[in-house]
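Structure first, then comments.
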Amino acid sequence: MYACTFFAILVFIVELVGGLMAGSLAIMTDVINTLADVSIFLVGSICSAKSVSRSSKMSYGYYRVEILGFLMSVAIIWALSIWLVYECVYHILESYKTNSLYMLICAVIGFVYNLIIWMLMGKITDVPETKYRALYVNMKTKHTHFLIELVESAIIIIAAIGIHIYPEMYLIDPICALILIVVVYIYTFKATYDSIGVLMERAPMEINLSSLKTELKDIQGVMELHDLHVWSLNLGIVSMSCHLAAANPIKVLEEATRLCNEKYGIHHTTIQVEEPCEEHNLDCENSLKLK
């Protein structure tokens with residue numbers, strides 16, 4: 001975790017200096033991505049220390065700090081990307097030349113960095129329910145993120161080689177930067193949508209609530225189900241609460257918990273089992289009613 005943070009900061013500084021020396025906007029696009037990586041790793045480092053430090057006022061720990069950190073990094077990325085779009089237009093209109101050698105060196109450094117981090121993320125996602133998987137904002141998403149950055153670095157390398165061989169094709173750099181900016185916007189928009197959904201306590205997209213509700217009702221002994229809520233602490237930790245009416249509460253509780261854990265991956269469950277009410281009228285006075 002801390003090694004990745006230090007590595008990302010080092011690469012960010014090298015790419016920033018090299019990108020400015022090269023006058024390459026494609027490299028500066030990669031610099032923005034690396035800056036986002038730095039913020040994500042820093043937040044992950046904080047969460048690794050804070051997520052287990054629960055208190056009476058922070059009973060869930062600090063899992064959502066990573067969501068807030070991610071949204072802040074996205075805001076920075078979008079703002080800097082707007083500036084880069086302006087620079088791309090300026091470079092195209094003013095025929096701004098690029099130092100292809102520095103551009104190529106920075107692109108190779110970025111490629112090696114993204115390859116190493118991508119491989120590390122792949123090892124983490126291969127391990128089910130590890131500590132790191134719970135602390136990051138969805139490790140599989142991160143794995144895909146660094147794969148995209150790896151491809152972007154490869155594209156920049158090809159662009160740098162092209163400019164080095166054919167100097168008159170200097171417009172490749174700003175055009176390449178514009179394409180990469182579009183890719184960044186598309187990718188971060190989806191991740192931002194998911195992160196906002198967590199803050200709004202939207203049910204996770206991968207969980208079929210209708211199916212979960214049906215299977216809970218089908219448990220032997222369950223007479224009624226109500227007040228079902230499913231939400232996420234972050235993009236990797238799901239919680240659920242519900243009320244069940246059953247004549248054999250202990251057995252029903254065990255079956256319901258097993259169903260949520262094994263089939264739906266919900267490991268934080270709060271299930272209240274009640275005695276059957278008269279005529280099965282189970283509306284709770286304190287249940288959440290949305291109008």
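Keep in mind that glycine also has a Cβ here, set from the backbone N, Cα and C atoms.
Curation does not apply to TrEMBL; its annotations are automatic.
Annotated features, as they stand in TrEMBL:
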type	residues	note
DOMAIN	5-200	domain 'Cation efflux protein transmembrane'
DOMAIN	206-275	domain 'Cation efflux protein cytoplasmic'
SIGNAL	1-19	signal peptide
TRANSMEM	65-86	transmembrane segment
TRANSMEM	101-125	transmembrane segment
TRANSMEM	146-165	transmembrane segment
TRANSMEM	171-189	transmembrane segment
Dominant neighbour of the transmembrane segment (101-125) in 65-86, 146-165, 171-189, by Cβ pairs under 8 Å: 146-165
Tertiary contacts of the transmembrane segment (146-165), as residues 6+ beyond its ends and Cβ separation under 8 Å: 24, 26-27, 29-30, 33, 37, 98, 100-101, 103-104, 107-108, 110-111, 114-115, 117-118, 121, 172-173, 176, 179-180, 183, 187
The domain 'Cation efflux protein cytoplasmic' (206-275): DSSP-derived helix, strand, coil residue counts: 23 helix, 30 strand, 17 coil
